[in-house]
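Student: One structure, pasted below without further comment.
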Amino acid sequence: MAGNSIGQLFRVTTCGESHGVGLMAIVDGVPPGLALTEEDLQKDLDRRKPGTSKFATQRKEPDQVEIISGVFEGKTTGTPIGLLIRNTDQKSKDYGNIAQTFRPGHADYTYTQKYGFRDYRGGGRSSARETAMRVAAGAIAKKYLAEKFGVLIRGHVTQIGNEVAEKLDWNEVPNNPFFCGDVDAVPRFEALVTSLREQGTSCGAKLEILAEKVPVGWGEPVFDRLDADIAHAMMSINAVKGVEIGDGFAVAGQFGHETRDELTSHGFLANHAGGILGGISSGQTIRVAIALKPTASITTPGKTINLNREDTDVLTKGRHDPCVGVRATPIAEAMLAIVLMDHFLRHRAQNADVVPPFAPIEP
């Protein structure tokens, strides 16, 4: 099965299934000398792990990461870093009823048609469970970028279903299970998700992820533009159906004289492009937004077919998120960090000796 690696010089490869023994990752390309402990990774894993609130899946996994290689005496050695998280709370019996049927809206049908066989327990490899390793790997990238450049990567939820957050206070984001910066929106989010669970359905979400203090010059035109690789990384996250960079789809209704991000000797006058021009970072804050679809794992009966191609009904059991966007923020942060780390190394490899004609202008 191909497609389990991302990045060129900073390369992350993951493996593992929802109800298997555990999850693993190999993170290659980490420069030597970075002080790194399991606790550095655990902070973000704890933000993503299931069972932490009544608004997410009640599967309880400690997601305790183990560093099994690539770190010696508390520092990275420059060799591949091996990471392991063991699964502890699988309930495979919950999925016996779908062994012969396909859950509509899931990867069951396509995995079976592509591979001729599938692990039906919790979705197997297609489960969002695999994103735990992305978060662990992304935490390494976040730490390196923060220490070397002061890069700050952080995200927040802007919409749950039809409820929209109207303001952003970063101090509020870690204080609620929705990663929302609008304290007034949180009760509305809570009421909506509670109602959806009672109704046996689910809803989508929208998140914004920012990367501040990214140096100018990262990105490899034309096919590996920074925004192209960011979009690729974000679209690889389960349930993501749309990605916006900067003003995103709103540009269709804008005018050039309003949105060309004019610049002066003192800095840029706007950031409609989201910190990327011509596929290269401009030094401004990189702004990314993603939209996640409602999970199809709901307790409302639906129509499907079985392995004999016979019509049947299906009722999804198991422990699922009524809104997958609730826990997606640290995942999206991790994917942005992985892409930025890769592009830093690629830029350094080719352009380390380049002397720009003048110092970068201020964002």
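Cβ atoms here come from the backbone N, Cα and C positions, even for glycine.
Annotations per Swiss-Prot:
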BINDING   R48  NADP(+) binding site
BINDING   R125, S126, S127, N238, A239, G278, K293, P294, T295, A296, S297, R319  FMN binding site
Student: So, three-state DSSP: helix, strand or coil for T295 (FMN binding site)?
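Tutor: Its secondary structure by DSSP: coil.
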Student: Hey, how far is R125 (FMN binding site) from R48 (NADP(+) binding site), Cα to Cα, in Å?
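Tutor: Rounded to the nearest whole number, the Cα-Cα distance is 18 Å.
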Student: For each of the binding-site residues (R48, R125), count the other CB atoms lying within 10 A of its CB, then report the residue with the highest count.
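Tutor: Answer returned by the neighbour count: R48.
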Student: Between K293 (FMN binding site) and R48 (NADP(+) binding site), what is the CA-CA distance rounded to a whole number of Å?
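Tutor: Here the two Cα atoms are 18 Å apart.
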Student: Radius 10 Å, atoms counted are CB only; among the binding-site residues S127, A239, T295, which position scores highest?
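Tutor: Of the binding-site residues S127, A239, T295, the highest Cβ count within 10 Å belongs to T295.
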Student: Inside 10 Å of the Cβ of S297 (FMN binding site), count up the other Cβ atoms and send me the figure.
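Tutor: By my count, 21.
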Student: Measuring Cα to Cα, how many angstrom lie between the residue listed as 'NADP(+) binding site' and S127 (FMN binding site)?
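Tutor: Distance (Cα to Cα, whole Å): 14 Å.
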Student: Can you check what DSSP calls S127 (FMN binding site), collapsed to helix, strand or coil?
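Tutor: Where S127 (FMN binding site) sits, the three-state DSSP reduction gives coil.
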Student: What is the total of other Cβ atoms whose distance to the Cβ of K293 (FMN binding site) is within 10 Å?
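Tutor: That number is 17.
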